[in-house]
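Participant: Take this structure, written in structure tokens, and hold onto it; I'll ask about it next.
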């Protein structure tokens with residue numbers, strides 16, 4: 001018997017000399033290979049090998065003979081109308097081909113098939129492709145659990161969004177079982193709560209956070225509960241966004257009842273309380289649910305102009321030129337910092353660093369080891385008028401002044417970096433985050449700046465008097481002014497130079513009867529304070545049904561871009 005390599009070489013050689021119809025008659029690729037492998041042992045082929053050249057020469061002259069090789073209609077396989085010597089001999093030849101093929105190594109088998117395919121025509125390639133395509137497809141989601149790898153199938157499907165997860169449930173019962181037993185709707189909701197503050201806040205306010213992040217599946221409801229919960233959450237979110245756009249809100253009012261002079265200059269809030277600094281020199285802490293005054297802190301001898309608190313302390317700045325540190329739980333004074341020569345207009349602290357600014361035109365940078373251990377690191381001088389506001393992160397300290405400029409300083413070295421010029425009058429407020437600075441001025445405008453290059457990205461116009469306070473998040477800018485109005489702006493549109501200026505203001509809210517001094521907001525509410533001695537809570541989540549069809553504040557043209 002000849003070696004396999006010799007058989008393979010002769011088989012390929014024969015393929016080029018034998019009429020194609022002979023090996024096209026095989027129903028599939030395996031039969032083609034087997035037929036070609038045993039060509040040497042077939043007497044008919046030996047004969048054909050000698051006469052193939054004559055057949056090619058006489059093909060045009062013998063239509064009757066060439067018709068013997070035509071393709072039968074109505075079949076997907078190529079059928080050759082040749083007469084096998086005998087059915088028994090064909091089966092033996094086929095079995096012999098398969099036997100040889102099976103004896104070869106995988107690499108030899110692949111190489112042999114590549115040789116065959118390279119010599120085939122386009123139609124044959126298409127036929128082979130149709131035959132192989134279903135063999136190459138794998139339902140891995142169904143196959144993995146059969147191998148005891150359910151967790152891998154669940155992990156793969158857990159990356160789907162809600163629309164894709166709905167489609168996956170319809171593929172087959174096995175996919176639906178993997179999604180159900182893997183609690184993938186629960187995992188999708190948990191992923192959204194971890195990454196989106198709107199989802200996190202909504203879970204806490206609506207109470208469905210109690211069903212999340214349970215270690216054991218038996219600790220919570222079944223997958224069907226989360227499957228039905230998801231569209232309810234989406235509906236809730238759409239309602240909130242609609243309320244913001246249309247100005248629908250539930251308004252709550254706190255009357256501060258100042259003793260001597262009216263006005264609430266500053267505030268900060270969390271889920272439980274609101275802490276406010278008043279013109280009558282006091283600090284009042286309010287219960288956010290009942291709106292009752294829980295505590296009054298006294299000690300400053302001037303108006304409380306600015307404050308910030310965390311879970312341990314409240315830090316306040318006053319027109320009496322001092323900074324005081326209070327215990328947030330007991331209200332006890334823990335420290336008093338005497339440095340500035342005039343009113344302390346604003347302050348910020350974070351991660352052991354505090355920055356204060358003053359009417360005396362200076363900025364003080366403090367190391368804040370603890371409430372009782374606060375030391376002055378550096379004084380920044382450069383502004384030519386009162387420094388009204390400061391903000392900072394790990395990279396920059398940003399300050400704004402009545403001298404119409406915004407100055408940028410290095411947080412680590414306290415060295416001056418650059419000046420942002422553009423406002424035509426003094427600057428009263430700003431916020432800085434990432435590369436974006438948003439400032440408000442007594443020229444009645446709001447400006448957006450790129451802090452890295454100092455460029456003004458956009459000017460927002462609409463307020464009729466000094467813009468006193470401003471805050472922004474990923475979606476909106478909210479501003480308050482001495483005209484008594486609060487305006488909500490579309491931040492994403494404002495950053496798009498193609499957006500028309502008339503489309504940037506989403507809504508104007510009018511409820512305060514005096515100047516708006518300070519505001520803070522989140523996904524669900526705005527809390528603002530005013531010269532009218534009130535604190536207003538604008539709730540866009542819990543809007544009563546009676547208010548759904550009415551708009552209390554003046555409407556404006558708007559464009560809203562959701563993210």
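A Cβ is built for glycine as well, from the same backbone N, Cα and C atoms used for every other residue.
So TrEMBL lists these for the protein:
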DOMAIN    150-188  domain 'F-box'
REPEAT    257-296  repeat 'WD'
REPEAT    297-336  repeat 'WD'
REPEAT    337-376  repeat 'WD'
REPEAT    380-419  repeat 'WD'
REPEAT    420-459  repeat 'WD'
REPEAT    460-492  repeat 'WD'
REPEAT    509-539  repeat 'WD'
Participant: Mind checking which residues of the chain, 6+ beyond the ends of the repeat 'WD' (460-492), have their Cβ under 8 Å from one of its Cβ atoms?
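Facilitator: Distal contacts: 244, 428-431, 433, 436, 438-442, 444-448, 499, 501, 503-510, 512-523, 526, 528, 530, 538, 558-563.
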Participant: Using a Cβ cut-off of under 8 Å, list the residues of the same chain at least 6 residues beyond the repeat 'WD' (257-296) that approach it.
Facilitator: 204, 302-309, 314, 316, 318, 320, 326, 331, 514, 517-518, 520, 527, 529-535
Participant: Are there residues at least 6 beyond the ends of the repeat 'WD' (509-539) whose Cβ is under 8 Å from a Cβ of it, and what are they?
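Facilitator: For the repeat 'WD' (509-539), the nonlocal Cβ contacts are 197-198, 201-202, 205, 240, 247, 249-258, 262-269, 274, 276, 286, 465, 468-469, 471, 473, 476, 478, 480-482, 484-488, 552-554.
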